[in-house]
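All remarks here apply to the structure that follows.
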Amino acid sequence: MGPQLLGYVVLCLLGAGPLEAQVTQNPRYLITVTGKKLTVTCSQNMNHEYMSWYRQDPGLGLRQIYYSMNVEVTDKGDVPEGYKVSRKEKRNFPLILESPSPNQTSLYFCASSL
């Protein structure tokens with residue numbers, strides 16, 4: 001196989017797959033006051049069953065807050081205290097902070113999978 005053909009195969013493989021597939025968090029960035037309820041929405045357009053919320057604090061790895069295995073099916077992760085979730089639609093999994101506190105200052109990540 002010549003270098004030109006190999007380059008073509010690599011480009012085809014990189015371009016394969018659903019390019020519109022995405023997981024989004026809204027809002028992307030958020031600064032709030034202590035005690036004011038807030039909701040961060042996670043949305044996915046891939047019809048995935050499993051969705052999860054994580055937080056990452058300085059010097060620590062990702063820690064799971066809550067996860068959902070399908071609509072109306074949620075369970076606690078490693079650090080659920082101070083958070084609530086709901087899953088009324090397959091594509092959305094909002095994370096609710098009823099009364100945010102300084103110890104909840106963190107990076108938050110949402111994920112989905114089959």
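Even glycines carry a Cβ here, placed using N, Cα and C.
As annotated in Swiss-Prot, Cys110 shares a disulfide bond with Cys42, one of the listed residues Cys12, Cys42. Counting residue by residue with DSSP, the domain 'Ig-like' (22-114) contains 3 helix, 45 strand, 45 coil. Within its own chain, Cys110 (disulfide bond) has Val23, Gln25, Val40, Cys42, Met51, Ser52, Trp53, Tyr54, Phe93, Leu95 as residues 6 or more apart in sequence whose C-beta sits under 8 angstroms from its own.
Across the domain 'Ig-like' (22-114), the model assigns an average pLDDT of 96.
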